[in-house]
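Visitor: Taken from TrEMBL, the feature compositional bias 'Basic and acidic residues' applies to 1-12. If you look up TrEMBL, you'll see 1-22 marked as region 'Disordered'. According to TrEMBL, the feature transmembrane segment maps to 88-107, 321-343, 350-373, 385-408, 420-448, 493-514, 535-559, 598-617, 665-687.
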Amino acid sequence: MLPRDVPHRRCNVDGPAHGARDRKGVQRLVYDRSARGIRSRSGEEYLRSRAAALPCVKHDLGREFCKGTDIDVSHGPLRTRRVRDIPFCILYLLHWAGVIVLAYIAFSNGNPNRLFAGRDYAGNFCGLPSSAKSDSRLLYYTLDFDSFDSADLSGLQQVADTPGRWQFLDQLKHFSRYFRPVCVSACPCFTGDEVDRIGTRRPCRDSSVPAVMNRTAVVEQDRVTVELAALSEDICPYEPQYCVPVQSDTSEAVDRYCFPRLAKSNASSNATAASAAGAATVSEREGGLASSVSAALLKLTDYLPNDLVSSWNNVMADVTIAWPVPLICAAAALVSGMVFLVMLRYCAGLLVWMSIVIGVGLFVVAGAAAFVYAPIIEEGYYERSLTICSYVLWALGALFILIVLCLCERIQLGIAVIKSAALFVAHTPTVLFVPLVVGIITCVYYVFWIAVAAWTMSTLTEAESEQGKRFSWSSETQYSLIYHFFSLLWNNAFLMGYNQVVLAGVCATWYFTTPNQNGKRHPQGAVCRWLCWSIVYHMGSIAFGSLVLAVVQLVKWILAWLAAQTEWARDHPTEACKHLCCCGIGGLCSNVTAMNRAYIGVLSCLGYAVTCFEKFVKFLSEKAYIQVALVGKNFCQSSWSAFTLVLRNAGRIAALGGMVPAMRFLGLVLMTLTAGVVGFFSSVGIYDARLSSPIGPTVLGCFAGFVVGGEVLDVFAISVDTILQCFVADEEMTGKGQGGVFTPAPLREFFQQETEGVCCPCACGAKGSTQQQQH
């Protein structure tokens with residue numbers, strides 16, 4: 001029986017911590033119903049015994065973490081594990097067996113030279129021994145007058161009349177209709193002897209040869225007869241009407257193609273374009289075909305950048321000379337990333353609240369701008385719309401402020417989690433090697449995938465291609481390419497999942513590791529252990545999760561391909577779904593225009609729906625992989641546990657979901673800018689005399705810094721999610737407001753505030769005043 005002078009307080013799991021050690025480490029007297037009298041214990045001993053006696057809670061939002069059960073992670077991720085999701089592990093290995101068989105067939109039957117060799121309008125390969133044009137290895141584009149006749153010159157005239165640069169670039173897709181690919185023995189060079197109206201004589205350069213135009217191509221259209229000079233048969237072994245060139249100098253590229261040599265000045269461009277007009281003789285109608293051709297060519301050459309080829313060569317030479325600069329930039333980005341994480345340890349709160357203030361300011365400034373600008377424009381619809389828009393923006397800003405006030409406690413928790421994640425990366429820097437190893441494996445796989453895809457694509461038939469396709473594949477080859485593309489999606493998702501499981505396992509091990517005398521946590525061998533455990537025990541779970549994501553992504557890509565046909569379907573509305581349904585249903589539906597337009601709308605809606613579902617699957621998979629690392633369950637059980645955990649802690653996860661992207665953006669900008677500055681001064685200081693410009697190495701250095709920054713911040717982002725789940729497990733196992741033995745310092749401070757609950761500041765104030773009145 002308790003003494004009368006000691007007030008009895010009923011034990012409550014959700015109440016304040018009884019017997020907890022205060023900040024000065026002074027022991028308290030603890031009164032327990034189960035004890036015979038009064039026993040003195042240290043705060044830490046009581047925490048352990050009290051937490052062990054807490055009842056396990058199971059409610060509608062899933063099963064909570066609890067000591068003494070199969071999900072007891074009070075001493076870190078469970079070490080007693082077994083292989084999970086074995087059928088999907090076997091399926092993944094069988095899938096790789098299929099990839100190996102596909103690679104063997106591709107390397108045996110494929111000829112990658114077909115991919116690099118040009119192909120003329122008739123389907124002949126340029127320069128291949130088995131082709132009819134084996135003596136002409138270069139692909140060159142001549143004017144296609146069949147397209148001129150069918151299009152009635154409207155496309156070229158539209159290009160010639162385009163007033164602006166961007167509109168002109170938009171019309172290039174129409175301009176390309178008027179050129180025909182042919183195989184030539186050498187790239188033609190126009191020296192000035194071909195047509196009298198060409199100005200200054202120019203020498204041929206590189207391996208190009210003077211164009212001998214000793215043939216005449218006669219093109220007839222309604223009331224128009226045009227005679228144009230054509231290339232000689234030695235250069236262009238086709239009929240004259242197929243060999244009318246665009247009289248612009250060309251040069252060889254990759255020993256397979258003839259590309260236009262870009263003009264050095266507008267004067268030479270105008271002279272080259274004018275030569276096309278001079279070569280034509282118009283018999284009846286002034287300004288017909290020849291004027292359209294010349295105007296279009298003039299517009300094209302006006303917008304070509306000067307000395308682009310030589311600039312590209314200079315950039316490549318600079319990068320070759322200053323190749324160590326990107327490595328220096330990568331190291332600088334890594335150092336700046338560590339400095340940024342140190343800043344987060346001490347200034348995370350400042351950065352988060354500054355981001356929130358900036359967000360509120362954007363709403364206020366945008367609304368003020370709309371309100372001020374509204375009276376300036378003409379009265380009417382737009383003035384009212386801008387005024388209403390300003391009010392809406394201000395209302396959204398006020399709503400944002402209210403949400404921040406109601407989530408302030410959760411924002412404080414998010415700041416503590418961010419500080420803990422930065423602390424984890426600082427204590428375990430070897431974890432940064434995990435994305436490096438996975439990245440190297442990914443790059444090797446991409447090289448293998450591209451090689452197999454190239455050899456598979458080269459296993460085409462010699463039959464003439466249909467509907468203007470460049471290659472003609474058999475049905476087996478098409479199915480092989482689809483399978484190979486699905487393999488890319490699956491393996492890419494698998495490597496991402498493997499990276500997340502390893503990082504989550506290392507971070508969870510760090511969370512439940514006892515700190516040393518200096519307050520640091522060094523989990524011994526955690527990185528190597530989790531690199532092995534993730535393959536030995538959880539390969540099936542990762543394969544299952546990545547398979548789900550790959551299937552969703554494949555459906556998304558199929559819908560994207562179908563949506564890409566909508567432009568053609570708008571021109572041919574009765575043919576949109578003719579071949580997409582079985583048993584003749586598609587042909588029946590294709591006779592109804594409204595049915596086809598409904599089909600196009602359904603495709604668009606499905607595309608958006610699948611994209612949203614893909615994001616949900618990615619989000620849930622990331623949380624599920626953390627559960628896999630913590631408790632070692634299969635993927636389905638881990639997904640359900642992650643889903644219910646998200647529901648139980650929706651406010652916390654929502655607050656973190658807004659803060660982490662902002663911190664990630666700031667860190668990525670800092671590391672990329674640091675890499676760029678270091679790259680510029682390294683290029684100028686070390687290689688200045690040997691470089692034509694430091695821009696090339698600097699841009700490459702920025703890219704290296706961006707990649708390194710992405711890897712560092714990926715580790716940080718996964719650590720934030722893992723630490724939040726570890727915190728929830730710690731809280732549920734030890735009781736709210738008590739704090740676990742292994743809780744990091746930033747989160748332990750938050751544990752002491754859990755007693756008051758989480759609410760709006762106004763509600764908390766009202767609650768506090770009510771309690772004071774009761775006392």
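Residue numbering: from 1, along the chain as shown.
Backbone N, Cα and C atoms are what each Cβ position is placed from, and that goes for glycine too.
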Visitor: Given the cut-off of 8 Å on Cβ pairs that are 6 or more apart in sequence, determine whether the transmembrane segment (321-343) and the transmembrane segment (420-448) share at least 3 such pairs.
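Guide: Result for the transmembrane segment (321-343) with the transmembrane segment (420-448) is yes.
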Visitor: Hey, which of 88-107, 385-408, 535-559, 665-687 has the most Cβ-Cβ pairs under 8 Å against the transmembrane segment (493-514)?
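Guide: Result: 535-559.
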Visitor: Would you kindly check 385-408, 535-559, 665-687 and say which stretch has the most C-beta pairs under 8 angstroms to the transmembrane segment (88-107)?
Guide: 535-559
